[in-house]
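See below for the structure under consideration.
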Amino acid sequence: MSFKCIFLTGGVVSSLGKGLTAASLALLLERQGLKVAMLKLDPYLNVDPGTMNPYEHGEVYVTNDGIETDLDLGHYHRFSSVNLSRYSTATSGQIYARVIKKERDGLYLGSTVQVIPHITNEIIEVILECARENHPDVLIVEIGGTVGDIESLPFLEAIRQFRYEHAEDCFSIHMTYVPYLQAAGEVKTKPTQHSVQSLRSIGIIPDAILCRSEAPLSSEVKKKISLFCNVPSTAVFNVVDVEHSIYEMPLMLSQEKISTFITEKLGLFTKKEDLSDWEMLVERLRHPLPNKIRLGLVGKYVQHKDAYKSVFESITHAALSLNCSVELFPLDSDDPHFLETLELCDGCLVPGGFGSRGWEGKIIAAKLCRERGIPYFGICLGMQVLVVEYARHVLHLEHANSTEMDKDTPDPVICMLDWQASLIATGGTMRLGAYPCALSPGSKVYAMYGQPEIMERHRHRYEVNFNYIQQLKDHGLDIVGTCPEQGLCEIVEIKDHPWMIGVQFHPEFLSKLIKPHPLFVGFIEAALLHSRNKTYV
């Protein structure tokens, strides 16, 4: 086999941080000079997470080629330089759909189609497709869910078969949770033992066990896990809960020397990993920064932090680059009192979303920011909020709205794209993926990007209505970014406002700790400037 494969499974409980672990491993292996590809296998039956409730699933991360994926791919992007595409993700829904299509097309020649071998063979094919597309030295495959879940069984069986065929080129990591019982005053290894037993009963013997814990595990505990899980004590690794930031994770794994252990077992010759730049950034995150701002994030999923995961991380990246700490206030736009908090903030960010709930509250927030000179950053739906508010209160189109919120509005300043009007199905009908955007010289965004054309990722159905663009321009709303191919409005700025910008795309999908997105940097800079004229109470 021309590549090595690392499989990452999880046990005991969900939400262990397998995605962060996989992303951190990718960073470490890249810093050792290896080319890495990544694949997330999700056992749920949805074809993709595009129509799943953000409260249940968190945000939907979009790739350049327009695939709606799990938020873990956002971690992969922010930590590493891996190429993420349609080959980087697969769900049970996709796997079953592929198999059923082949059966309908007669490709199984009348065979009885079963989970084994047809579903498992298709899972193996997905793994090989990812490798063929990316030509990596190492492919990291994260399996969602928890060992013992019935929906994970086909994926684990496929991995067992793959390891059997390519034993010398595969490495299996099982991640578990080792709880500390305060009443007993000790950690308990039994859940880890049972989880590994479940994995071994399927036929997968882990090459390493990665134990998540609240405090460092003693050598005695590691030896106990080694003995009862039948792995060498040198293959039992420990990561504790991070103190300050998720970006500490690669440094923890580096201290455990897990990447070196993996490369030696796989026979890979690598250079010593250099994390000096990462260490410097993390060290700054651990200490108070000289500047401080307050930001209000106005949305409708604010009770669930993962719903806006990439936005939160992008704010962290930009603020760190400016030696700034951010006190972030998640504000529910349905809360009748949220404006009281927003008035105290140095900036307001309205992220993407769908549906009418909370819509009017967001428009009120945009009006407050416009009238008081508070920096405002509208992303996707947040840009549409800006445009509708401007149309209502500056153009005096009292009933201006988006047809998503009011299909009978007399002034549809935001409307569905013509080519989508005839589509009925909800899934897969949006403008998805990376599109070019031409910037207007002399605009704020041109100064931030420093180039005439950019590529940004989209996920939306509605656009600024061409019929209202000239009116908006005449009243001071500049269209400073357009799609060269279709002339669609992609970026707006209010001419006489310190910093009020809306973008139809999702810049948060491109930000990294080591390379903050210029729009977020510009937004934080504007908020810092605004804060100098305020006194905190």
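Count begins at 1; order follows the chain as displayed.
Yeah, the Cβs are placed from backbone N, Cα and C, and that goes for glycine too.
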Swiss-Prot L-glutamine site partner of Y55, G353, L381, G382, M383, Q384, R461, selected from E30, E398, E404, E485: E404
Same-site residue for UTP (record: Swiss-Prot; known: S14, K188, T189, K190, P191, T192, Q193; options: K224, K257, K265, K271): K224
Annotated companion of S15, L16, G17, K18, G19, L20 at the ATP site, Swiss-Prot, chosen from D72, D105, D137, D149: D72
Residue pair H506 (active site), K224 (UTP binding site) - Cα distance, angstrom, rounded: 48
Local backbone state of G382 (L-glutamine binding site), from DSSP in three classes: helix
C-beta crowding around E404 (L-glutamine binding site), within 10 angstroms: 19
Among K188, E404, R461, which are recorded as binding-site residues, the nearest neighbour of L16 (ATP binding site) by Cα: K188
Cβ within 8 Å of the mean position of the Cβ atoms of S15, L16, G17, K18, G19, L20, D72: remaining residues of the chain near ATP: G10, T21, A22, H75, M175
Sparsest Cβ surroundings (other CB atoms within 10 Å) among the recorded positions L20, I150, C380, M383: I150
Binding residues S14, D149, I150, E151, K188, T189, K190, P191, T192, Q193, K224 (CTP) - maximum C-alpha distance in whole Å: 30
Closest of K188, Q193, C380 to R461 (L-glutamine binding site), Cα positions, recorded positions only: C380
